[in-house]
Amino acid sequence: MSNGQNERREMTGAEMVVQALKDNGVKHIFGYPGGAVLPIYDELFQQDDVEHILVRHEQGAGHAAEGYARSTGKAGVMLVTSGPGATNAVTPLQDALMDSIPLVCITGQVPTSLIGSDAFQECDTVGITRPCTKHNWLVKDVNDLSAIIHEAFHVATTGRPGPVVVDIPKDVQFAKGTYVSPQTAPRTSYKPRVQGDLGQIKAAVELMAKAKKPILYTGGGVVNSGPEASHLLRELVDLTGFPITSTLMGLGCYPASGKSWLGMLGMHGTYEANMAMHDCDVMLCIGARFDDRITGRLDAFAPNSKKIHIDVDPSSINKNVHVDIGILGDVATVLEDMVRLWRATVKADKKALHPWWEQIARWRARDSLAFKTNPDVIMPQYAISRLYELTKDRDTYITTEVGQHQMWAAQHFHFDKPNRWMTSGGLGTMGYGLPAALGVQIAHPDALVIDIAGDASIQMCIQEMSAAIQHDAPIKIFILNNQYMGMVRQWQQLLHGNRLSHSYTEAMPDFVKLAEAYGAHGIRCEKPDELDDAIREMITVRKPVIFDCRVANLANCFPMIPSGKAHNEMLLPDEATDEAVANAIDAKGRELV
Amino acid sequence: MNAQLQPTGSAYFIARETEKPETHTLSVLVANEPGVLARVIGLFSGRGYNIESLTVSETEHETHLSRITIVTHGTPHVLQQIKHQLERIVPVHRVVDLTVRAQELGQERPLERELALVKVAGTGTDRVEALRLADAFRAHVVDANTEHFIFQITGKSSKIDQFIAIMRPLGLVEICRTGVAAMNRGHQGM
């Protein structure tokens with residue numbers, strides 16, 4: 001059926017859902033059937049345009065859709081049933097909200113006549129998901145359904161992207177009504193601002209032109225703004241000669257191989273990035289939000305700097321940190337104006353920045369990511385470094401779980417392109433990485449997709465191995481197995497007198513046998529000199545792999561800004577003796593971690 | 001020692017609040033659709049903001065617009081955040097801080113009015129006194145028999161507070177207040 005015929009047509013609610021997905025360019029959805037969505041599943045069965053990826057748990061559907069969205073720039077779509085289907089979707093919804101990921105979640109609901117009666121598998125889905133979505137809808141009239149789904153895609157993908165929920169009672173799925181095609185009739189109350197104020201941008205350029213110790217601090221907003229934003233960011237860095245750092249969410253927007261790159265900043269950022277943040281005189285924050293993992297002590301955050309902030313969300317500007325110039329708008333659009341104005345008005349004298357770069361070189365010389373290799377035991381940092389070296393020339397996408405392995409991956413795996421790094425930053429969701437990898441692999445079937453995992457995190461959504469097998473998604477699960485919840489243990493060492501309360505996993509599954517049980521390929525590696533061959537084997541196998549990489553059990557993640565300290569009070573790896581670790585955080589800091 | 005007042009610093013740093021909290025009245029124009037009030041209230045509870053008074057009603061039937069009036073309490077920085085966070089809600093059309101607007105217009109505060117129904121029961125001198133005071137406050141008797149009055153009183157919240165305080169010893173039984181309805185003085189709309 002051609003699109004032209006769809007202008008206004010009679011069809012059932014379930015047909016409308018599938019038609020609306022097609023009309024919004026959806027090729028893949030992630031979901032799990034159940035009583036309240038069976039009419040929609042029946043429609044999915046009778047067509048080939050939208051491919052359904054069956055997961056094993058609704059949380060997996062959500063994270064897979066997030067991975068799909070993050071790696072493509074398109075909205076991720078999930079379809080789940082009422083009640084437990086919807087409540088299981090809450091974690092990925094909040095995850096997507098905090099990391100600004102466009103996610104459209106369609107939930108089934110009990111028939112309208114039963115709503116409020118505590119019916120089987122009923123829950124107040126719009127009530128439960130209201131605080132963890134950008135917006136949500138309960139569709140009570142089939143004639144509203146198509147317009148609501150189109151609006152849902154619009155809201156999810158524009159402005160600051162985020163998750164939305166469309167809750168569709170079963171009787172509405174069966175009812176017949178009129179389908180309308182997506183149209184440009186946006187609601188009047190929702191008008192995200194795209195263009196930045198030119199006067200503010202001009203003021204920002206003037207401030208930047210006079211800077212002696214400038215820094216660019218970029219975040220996930222650059223990724224969300226699209227490839228053009230990353231392109232313009234690189235242009236701006238070249239033009240200005242400013243050093244650049246990024247949050248966890250923004251890695252890849254400026255290439256890690258670029259000469260102006262300082263590495264990631266924040267709690268586990270590099271020494272040079274954090275010191276440069278602390279000492280800068282002009283800070284340009286682009287699409288980041290001054291999160292507490294970034295700023296450290298707020299009263300000692302870049303104390304002598306003028307701050308400029310570009311963000312699409314007005315509530316992000318001046319939320320945690322007062323800025324001198326706030327520019328409300330889309331990153332790419334604002335950067336375009338900024339680059340143009342810089343070219344037109346600023347006579348670049350990069351020599352003026354020489355003393356600043358010399359200072360940065362001295363900080364760099366501390367080599368804060370250095371680690372000691374060991375001939376007998378694989379150091380986790382070494383494992384990530386080797387993984388990077390052996391995959392960097394391929395079309396590689398990395399997802400992670402949450403914990404020490406995530407920080408080591410951020411430090412030692414280097415990204416030269418945006419959309420290559422999928423991680424749960426804001427919510428810190430253990431269990432994110434495996435389903436996210438599935439979503440990435442579905443979007444990029446020929447790419448090498450690796451979930452860098454920890455032995456604890458991986459067990460939170462391990463069931464999606466089964467989905468990966470079913471859908472021929474050859475994802476690689478690279479587990480840094482230290483037998484501990486490493487980051488929990490690290491904090492217990494720092495804060496709680498080394499009392500390792502319940503952070504040691506006494507009964508660890510045999511990950512190789514587990515892989516085989518799922519029909520995947522299992523690899524175990526315990527020796528540094530066998531690591532490269534094992535990684536090559538992992539890459540070569542054309543099916544899902546669980547790689548059990550046994551690493552040094554007690555390694556901790558440094559450098560680190562201890563709780564209660566400022567950017568210039570980092571704990572570096574060579575200083576992190578047992579005593580220093582134990583005394584790094586004082587009693588007051590302890591209350592606040 | 002109170003950790004919130006000490007700049008201990010932390011990854012979860014709680015800054016010392018140097019600004020003084022103020023009471024402001026916000027006008028929020030929203031699309032009148034299911035759940036919109038829950039979104040607004042949920043924002044306040046979820047982010048730890050205060051609501052001192054809340055009034056809501058459809059004001060423009062044809063365009064399905066409701067107007068929510070919120071009296072809230074916070075530092076200027078928090079009040080700014082509240083405004084921006086409200087503006088993020090998809091069905092919210094406009095948010096105006098009436099208190100800030102009044103100051104811009106050179107006025108001390110916006111026009112704020114409240115209506116209350118006050119039931120007073122009693123006989124003898126208390127009853128006579130209640131009626132006499134109600135008259136002084138320009139409260140109307142909207143229901144009465146030999147043992148009670150229901151007074152309807154409108155005015156500033158402080159006037160209603162005062163009226164209620166006076167009625168208390170005279171046999172106050174029940175109070176119902178609408179919360180504050182507010183707009184800025186002058187010819188301009190919000």
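In case you wondered, yes, glycine gets a Cβ from its N, Cα and C as well.
Keep in mind it's a predicted model, so treat the numbers as computed, not measured.
Over in TrEMBL, the protein carries these features:
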DOMAIN    A:11-127  domain 'Thiamine pyrophosphate enzyme N-terminal TPP-binding'
DOMAIN    A:201-337  domain 'Thiamine pyrophosphate enzyme central'
DOMAIN    A:402-549  domain 'Thiamine pyrophosphate enzyme TPP-binding'
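Looking at the domain 'Thiamine pyrophosphate enzyme central' (A:201-337) alone, the prediction's average pLDDT is 96. Helix, strand and coil content of the domain 'Thiamine pyrophosphate enzyme N-terminal TPP-binding' (A:11-127), in residues and according to DSSP, is 58 helix, 22 strand, 37 coil. For the domain 'Thiamine pyrophosphate enzyme central' (A:201-337), residue counts in helix, strand and coil come to 57 helix, 27 strand, 53 coil, using DSSP. Taking DSSP states H, G and I as helix and E and B as strand, the domain 'Thiamine pyrophosphate enzyme TPP-binding' (A:402-549) has 62 helix, 27 strand, 59 coil.
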